Every structure is written in structure tokens, then in C-alpha cells.
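Here the structure comes first, spelled out in C-alpha cells, and everything after it is commentary.
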Amino acid sequence: MTNTNRRTITVYGATGAQGGPVVRSLLKNNAFKVRAITRKPESEAAKALADLGAEIVQGDGWKKEQMVAAFSGSWAAFVNTNSDDPCFWDANHPTEFDLGKIIIDGIIQAGTVKHLVYSSFVDTSSFTNGQAIIEAADEKSKIERYAASSGHFDTVCPLYQGWYMDVFRGQEYAHALGGFPYFEDEDKFRTLRLPRWGTHTDMPLPWISLEDDFGDIVHGIFLTPEDYNGRVVPTVSDIRTYPEMIDAFQSGMPSLFWFLVCRLTSVHALATGQKARYIPVTDWEAHFGDSHHGKESLAIFKFGKFTNGKYFGDEPISTDISATLKAKAAEAQGKDPSDRKLITLVEWFEKHVAPLL
């Protein structure tokens with residue numbers, strides 16, 4: 001396909017945890033030109049995307065005129081607003097919806113974007129009749145509805161994110177989890193300490209690998225955006241309860257045996273072979289504390305308890321849509337059929353955590 005026929009997809013939040021994988025996946029498809037919006041074009045993350053072939057554009061989401069310029073000439077857009085931005089912690093500061101509205105208004109004024117994929121979430125206030133509210137989720141849902149009701153776009157596709165597998169890559173975060181997956185406790189276990197997900201028993205959670213699958217899932221939507229207009233796409237790589245996730249981490253052969261086998265044969269052990277356990281937390285308030293992130297986490301688990309683990313609300317927890325989209329994107333990238341499947345938690349731990357243990 002010639003450069004004049006390539007369609008431009010612009011990514012807002014391009015150096016973030018979601019936007020980065022989207023840019024990297026789309027760049028592997030010659031049918032698309034990829035424009036990456038960032039507040040800091042001089043950052044190492046932005047330079048890395050430029051080295052891969054992305055067009056880097058400076059843009060501040062709070063400045064509408066910059067959004068108009070950044071999205072001008074684009075055929076489609078992926079947008080994720082950062083709910084963890086400390087500016088939203090100030091009750092006197094504009095909200096995440098205010099930011100999202102400026103971005104959407106800028107896209108509309110740019111005049112060329114036909115297809116929008118927005119990283120949204122469940123309207124928890126409506127779903128629970130105000131009984132278990134996650135403020136960040138409601139802000140995202142409100143932005144989604146604003147975009148859809150504008151009447152400007154040919155298609156608007158809302159994404160619901162699974163729980164990030166990627167949080168287990170950071171050793172600094174492990175201490176907040178009880179040590180899992182990097183640090184042993186006094187009993188020589190790598191212990192995960194979190195509240196139970198669900199009302200009375202451990203309910204399954206949808207897990208997503210941002211680096212391995214998320215970008216390809218979004219890529220797949222842009223191949224046939226009309227198929228996903230107004231349709232929630234849950235991004236899910238694997239589905240497991242916390243105890244099942246611990247099993248995935250532990251699976252494999254003991255470390256010494258794994259070391260010898262991998263060097264003497266072509267067999268590779270899966271995951272880590274390390275001892276781990278899950279201990280449900282009962283005193284939620286004491287566990288999470290009164291920090292902003294602690295209160296946000298508490299709200300999420302209260303939602304899980306109230307809904308008996310309905311993480312996506314009325315949307316089913318399934319890998320079906322994600323698997324279809326991943327396969328389509330991989331085919332468009334020219335990947336081998338064996339490299340078109342979603343990653344499992346076992347495979348993810350083996351790939352991303354085992355080398356660090």
C-alpha cells in the first residue's frame with residue numbers, strides 16, 4: 001500500500017501503559033500510519049516510538065487547540081485518559097470527564113476522525129444503584145457516552161480492561177501485595193495478600209497482558225471498526241481466580257531441575273516452580289489505608305463484593321472477542337499462525353517474571 005493510501009490512526013496517551021502497546025502493534029501493519037500524542041516528545045518513551053516509525057506530536061489534552069492540530073487528518077483514534085493523574089485527586093481541580101470532553105471536542109473539531117476506540121469502563125453508579133461506586137470508572141463511562149452521543153463518529157467502540165498482568169512486573173509493587181511474586185515471607189512463600197474477589201467465594205477475574213495482547217486487540221478493532229460500533233470489547237488474555245493465578249505462577253518444575261533440563265534438552269518448564277500462596281485479607285480498610293490509591297482499591301473490591309465478582313458489569317467475562325481480534329491483527333502483521341494466540345498467565349509468568357527470580 002502506498003503512503004498516500006495509508007490511513008492515519010492517532011493515539012492519545014501514546015507513551016502510557018495502554019497507548020504504547022497500541023502504537024507498537026499498529027506500526028507492524030503497513031496499512032496504517034501511526035501518530036503518537038505525548039506531552040513530552042523529548043522523553044525516552046517517545047523517542048523509542050519514533051525509532052519504530054511513529055510520528056510524534058506534542059499535545060496537552062487540556063488544550064483544545066492542540067488536540068485539534070494533533071488529530072487533524074486522522075482517520076481513527078485511540079484515547080485513554082489517565083485516571084491515576086494526581087491532578088484528579090484535588091476536589092477543586094477539573095475532573096477526568098472534563099479532560100475527556102476537551103479531547104473529544106478537539107477530535108470533533110479536527111473534522112476527519114471517523115472511528116474512535118475509547119478506554120472506558122462500567123458505569124458503576126448505575127450498575128449498583130449507587131451502592132458500590134468506583135469514581136474513575138464512572139468518569140470514563142461518562143466520557144464514552146459523551147463521545148457516542150455527539151453524533152460525529154461513524155463508530156465508537158468502548159474497551160473494558162481486565163486486571164493488568166503487567167503489575168506483577170514491578171518489584172516495588174510487590175510489597176503492597178504481600179511480597180508476591182518476588183519476595184518470600186517468613187514461611188518461605190511468595191504470598192499474595194488481597195481481599196477476596198466476590199461475595200463469599202473466589203470468583204474468576206479477567207486478566208490482560210498489555211504488552212503481549214492489548215495492542216493487538218485494539219489493532220484488530222481498527223481492521224473492521226464497523227463490527228464493533230457501540231459494542232463493548234472486554235480485553236482479556238486469561239481468566240482465573242486468585243488461587244488459580246497462584247497455581248499458574250507455581251506451575252513448572254523445581255528450579256534446579258528446570259535449570260538442568262533446559263540446558264540438556266529442548267524442553268522448557270512453564271512458569272516459575274516457586275512456592276506461593278494466596279491469603280485473603282479480611283480487614284480491608286487497614287490493608288489499603290487512607291491514601292488515594294488505597295481508597296480507590298478499596299472501592300474496586302467493594303464493587304466486586306457487591307456484584308459477586310461481575311468485573312465487567314453485565315458484560316460476560318470471556319476471551320472470545322479478544323482472541324478473535326488478536327488473531328486478525330496478527331494475520332494483518334504477517335505473523336505465523338502459531339503466534340496468533342492470547343498469552344496465558346502460565347506463559348506470562350514464565351516470560352516476564354521467571355527470568356527475574
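Here the Cβ of each residue, glycine as well, is placed from N, Cα and C on the backbone.
Copied over from Swiss-Prot:
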- 13-18, 39-43, 60-61, 81-83, K140, 164-167: NADP(+) binding site (BINDING)
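Recorded features from Swiss-Prot, shown on the structure.
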residue: G13; record: NADP(+) binding site; Cβ contacts under 8 Å, 6 or more apart: G19, I37, V79, N80, T81, N82
residue: G16; record: NADP(+) binding site; Cβ contacts under 8 Å, 6 or more apart: N80, N82
residue: R39; record: NADP(+) binding site; Cβ contacts under 8 Å, 6 or more apart: Q58, G59, D60
residue: E42; record: NADP(+) binding site; Cβ contacts under 8 Å, 6 or more apart: none
residue: G61; record: NADP(+) binding site; Cβ contacts under 8 Å, 6 or more apart: Y12, M67, T81, L99, I102, I103
residue: S83; record: NADP(+) binding site; Cβ contacts under 8 Å, 6 or more apart: E96, A136, E139, K140
residue: M165; record: NADP(+) binding site; Cβ contacts under 8 Å, 6 or more apart: W207, I208, S209, L210, S237, D238, L345, W348, H352
